[in-house]
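Here is what TrEMBL records for this protein:
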{"type": "REGION", "residues": "1-103", "note": "region 'Disordered'"}
{"type": "COMPBIAS", "residues": "45-82", "note": "compositional bias 'Basic residues'"}
{"type": "DOMAIN", "residues": "441-519", "note": "domain 'BING4 C-terminal'"}
{"type": "REGION", "residues": "539-611", "note": "region 'Disordered'"}
{"type": "COMPBIAS", "residues": "573-583", "note": "compositional bias 'Basic and acidic residues'"}
Amino acid sequence: METVPKPGSRVPPKKDKLQGKKKKPRRYWEEETTPTAAEASPGPPRKRKRNRELRPQKPKNTHSTKKSRISKKPQVPKKPRERRSPGPQRSLSGAQDPFAGPAPVPVEVVQKFCRIDKSKKLPRSETKIRSRLEAAEAQEEEISVKAARSELLLAEEPGFLEGEDGEDTAKICQADIVEAVDIASAAKHFDLNLRQFGPYRLNYSRTGRHLAFGGRRGHVASLDWVTKKLMCEINVMEAVRDIRFLHSEALLAVAQNRWLHIYDNQGIELHCIRRCDRITRLEFLPFHFLLATASETGFLTYLDVSVGKIVAALNARAGRLDVMTQNPYNAVIQLGHSNGTVSLWSPAMKEPLAKILCHRGGVRAVAVDSTGTHMATSGLDHQLKIFDLRGTFQPLSARTLPQGAGHLAFSQRGLLAAGTGDVVNIWAGQGKASPPSLEQPYLTHRLSGHVHGLQFCPFEDVLGVGHGGGITSMLVPGAAEPNFDGLESNPYRSRKQRQEWEVKALLEKVPAELICLDPRALAEVDVISLEQEKKERLERLGYDPDTKPPFQPKPKQKGRSSTASLVKRKRKVMDEEHRDKVRQSLGQQPQKQEKAKPAGARPSALDRFVR
C-alpha cells in the first residue's frame, strides 16, 4: 500500500516489503561491486536490519512526525578489506626467509645411497611394465634424497687415535688409552683370567650388547658385557670348537666335539642336531635365518633355524674345513682350503660360485668387510693379502708377516685385525669401503696367550680377543659405526621390543634360493634360460604358442561379407602391420650426422628434401 507524500516534499513513495528484491549473498571468492557502508559491514547482517537497508533512505531535510531512534551522529562508512596477494612468508619480526624452499643436497651424498645403475638402459617392453619401472626409479631417487637429507641428523662422528708429531700410534699401550678416555669408555677394557678352561672362542650379538664365549675344555658362558651381568654359565663336559648367537641373544648355538647343540639364555639345552656332527666352524646368516656349519668330513651344511630343517648339505671335496667366514653383503659363505684357494658357496648351487687362488700354501684365515668389497686372507706362506671382490678377484695389496696371521677380523669402519701368535696387529684405511693400508700398523697389543678368536663389537670401539689365558676386551678408537638403526639393531631394546622385532624379521625372511654373488641381478631377466625354455617348449608342442595368429575378419551382414570385402580388410591390416615394422626399424637405426655446411653458404631449394 503506497503512502501519499506531503506537498512540497521530494520523497519518493515507499514500496512494499515484498516488492523489494533480495540481494544475492556474496561468496568469499567474489569481488565486491559496490562497496557501500552496508555491504562493507563485517559479519552477516540480521534479517531485520537487512529489510531496513532495502528501503530507500530519506534525505536529511525530510521532516518526520515520528521520533527517530537512530542517533544523529554521522555514520562513517567502513572501508572494505583489501585482499593481500600471496607473497613470501615472513616471520613475526617481518624479515623474509633468504633461503626459501628445501635445502639442496649434494649429488655425491645422494649417489652414496642410490642403488640404481642408470648406465643401463631400460629394456624395450610393454608400456605398462615400462611405466612401473620408471615409477620404481623415481621412488628410488626420492628415497635416496631423503636418506641423504636425514644424514645431517646423525650427530655422532667416528674418531681415530692421533699421535703427536712423529709419534707412532702402534706404540701407544692400552693403559695409556684407558687413562685418556672417559670413565664409561674405560670400563669397556677388561681382562677375564680363565686359564683353566682355555683357549676360548667368542661371539658378539648383532646389537653389540651381549658376549658369548666357549672354552676348549667345555666352559660356556653368556653375559651382558656392558653391565657385566652374567646371563648363564655352564660346563658341557665336552670340547667346544665354536660358538654363535642366533637371530637374538636368547638362543645360542654351540659346536661341541660330536654334535651341534642349541641353548637358551638360561643355559638350558633346547635341541641336539645329530645330523650336524664333528663341526669345526659356525656362521649365522641373520636375514635368511640360516646356520652354516663346516665339518671335519668336508661338508657345508645349511640349517634353517626358523623351521628346524636342513636346507642343503654340500660336499666341498677339499678335505677338512676349519676356515670359514660369510660375506655380509650377499650372504655368500667363503671357505679356505689347504691347497691355497678360497671357494664361494650358496645353498642353491651344488658347486662353488667361484674359486680364488690366494696363496701358495694352505689358507689359515679369511675375513670380509661389512660392505662386501674387500677380502683379507692369510696363508702358510706368511702372506697377508687384500682382494677386491667386485668381480675381478685381484689382489690389491700384500704384506709378509714374521709368523703369519692365524685369525682375521674386519670392523664396521674397515679396520683389519690380525692375530699372529700372542700379538694382535690392527691396520686402518681411509674410511669405510676403502681397503686398509698394510704399510704401518694402527695399533699393537700383546696378550698373555696365543690368539684363538677375534671379533669387533658392533657399534662399540672394542675388539674382543679370545686366547689361551681367557678373554680380553681392547679399546680401538674409530673401529665401529657411531650411529645405529634403532629399528634394525637396537642395543637398548626391551624384551617386548625384541619379541616384536623377531616377528617382523620372520615375516621379512629372505629365501635361501636368493643367495648369489650379485644381489642386484635378482631384479633382471635371465635371457639365456628364457630362450632355452622357449626352445624346449617349441620342440615339445610342435608350434610356437606365442606367435600371433593370422587376422580373420568377422562376418558382417547385408552383403558386406563378400570375398572382395574380406580380402580388402585383410590387406588393410597387413599394410598397417608392415608400417609398424618399418617405423620400428627406422627407430633402431643410428641417426646420420648432418654435414657441417661452410659458413656463409646460401640455402638451396633442395634442402627441403634432406632428412
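Placed from the backbone N, Cα and C atoms, the Cβ positions cover glycine too.
Non-local neighbours of the compositional bias 'Basic and acidic residues' (573-583) in the same chain are 551; each lies 6+ residues outside the stretch with a CB under 8 Å from one of its CB atoms. Counting residue by residue with DSSP, the compositional bias 'Basic and acidic residues' (573-583) contains 11 helix, 0 strand, 0 coil. For the domain 'BING4 C-terminal' (441-519), residue counts in helix, strand and coil come to 17 helix, 22 strand, 40 coil, using DSSP. Taken together, the residues in the domain 'BING4 C-terminal' (441-519) have a mean pLDDT of 92 on the 0 to 100 scale.
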